[in-house]
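J.: According to Swiss-Prot, the protein has these features:
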type     : residues : note
COMPBIAS : 1-17     : compositional bias 'Low complexity'
REGION   : 1-26     : region 'Disordered'
TRANSMEM : 34-54    : transmembrane segment
TRANSMEM : 70-90    : transmembrane segment
TRANSMEM : 101-121  : transmembrane segment
TRANSMEM : 126-146  : transmembrane segment
TRANSMEM : 159-179  : transmembrane segment
TRANSMEM : 188-208  : transmembrane segment
TRANSMEM : 244-264  : transmembrane segment
TRANSMEM : 275-295  : transmembrane segment
TRANSMEM : 315-335  : transmembrane segment
TRANSMEM : 362-382  : transmembrane segment
TRANSMEM : 383-403  : transmembrane segment
């Protein structure tokens with residue numbers, strides 16, 4: 001594993017499906033100054049779409065004549081849709097015009113969100129959420145672009161700025177979504193999200209650099225290349241598995257939190273009050289720039305180890321938080337700090353370990369969201385059968401799996417270091 005992502009030399013691969021012309025025209029003037037802030041804002045809005053349903057579950061259940069725990073699977077549908085969109089659309093960032101792709105996906109997501117707002121049943125709502133989430137892959141098309149354009153010694157910090165936008169969107173979905181849902185109804189929240197997605201998605205597409213690309217090979221060559229790319233890169237594989245464990249633990253806890261906070265057996269809060277709890281997620285937005293600096297300085301491995309230690313500490317605090325609000329608040333801060341630090345480190349590594357950053361980023365994010373979707377799917381039944389303690393058990397199991405599974409395949413740098421020490425020992429013996 002590279003000691004610092006900013007100094008990594010991408011390994012050669014045969015993945016790229018397009019030849020990039022060097023004459024691409026980038027943003028200039030005011031557009032250049034707005035480039036990173038607008039991308040971060042667009043990332044926040046589009047990321048929020050994936051999590052809109054979670055804080056609105058009690059309102060959706062009431063409107064559909066059901067219970068919150070019975071419709072909790074909608075949160076998993078959103079994450080599965082996002083993972084599917086990543087598989088099919090994110091690899092296209094290496095082979096097609098990103099301006100057109102961002103604009104098209106933004107319009108598809110807008111239409112799906114409006115359809116969700118008009119849904120008469122959970123089946124139709126789930127279908128609309130699935131499509132909206134699949135089209136909400138714009139952030140993962142933009143992160144590789146930001147990494148490409150950033151100076152080498154500030155790459156992780158620029159990536160961290162976009163990730164800070166992503167987690168701000170997650171917080172906004174819970175806080176503002178809960179408040180707006182309580183005031184205007186859950187359907188109005190989806191309409192508002194559709195408007196913001198259209199405006200910011202098209203604005204972001206407008207300021208993206210003009211790219212002249214000549215595609216070679218099938219359109220979805222990047223998708224086909226993912227398994228081989230992960231197999232050839234131990235560093236990428238390690239980042240994928242560890243983030244799947246971390247994101248799965250966070251997802252199990254965070255998507256089930258509304259059930260603990262709003263149901264009578266828990267804290268019995270209103271949807272609006274429970275949504276305010278999402279403000280603790282702002283810890284992620286604060287930690288992201290700090291984590292970027294730490295990755296640039298100390299390398300990804302140390303940051304990921306520290307993040308896993310924080311997450312492991314948060315799980316017993318979450319369990320205690322089933323009865324003690326102070327413990328729940330502390331755990332929420334810790335798990336968000338752990339998630340974003342791990343994400344910045346692992347994603348920077350994924351973007352710099354191969355010569356096909358969009359495809360590598362797809363593999364990384366799909367792994368994370370697949371882990372999150374599966375953990376969320378298990379957390380709902382766990383809450384129904386064993387209460388909040390069952391959810392905490394799912395989160396703990398995901399952390400253990402994410403860490404121990406990577407121990408059987410050391411990273412490239414670790415193997416290289418051991419080989420170098422062996423060579424030096426032999427030479428000194430001679």
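Any Cβ shown, glycine's included, is placed from N, Cα and C.
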J.: Counting only pairs 6 or more apart in sequence, are there at least 3 Cβ pairs under 8 Å between the transmembrane segment (34-54) and the transmembrane segment (159-179)?
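T.: Judged by the Cβ rule, the two regions touch, with the required three close pairs present.
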J.: Need a quick answer: max count of Cβ pairs under 8 Å to the transmembrane segment (159-179), which of 70-90, 101-121, 126-146, 275-295, 315-335 is it?
T.: 275-295
J.: May I ask which of the stretches 70-90, 188-208, 244-264, 315-335, 362-382 has the most CB pairs under 8 A with the transmembrane segment (101-121)?
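T.: If we count Cβ pairs closer than 8 Å to the transmembrane segment (101-121), 188-208 scores highest.
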J.: Find the member of 70-90, 188-208, 275-295, 383-403 that has more C-beta pairs under 8 Å to the transmembrane segment (315-335) than any other listed stretch.
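T.: Highest pair count goes to 383-403.
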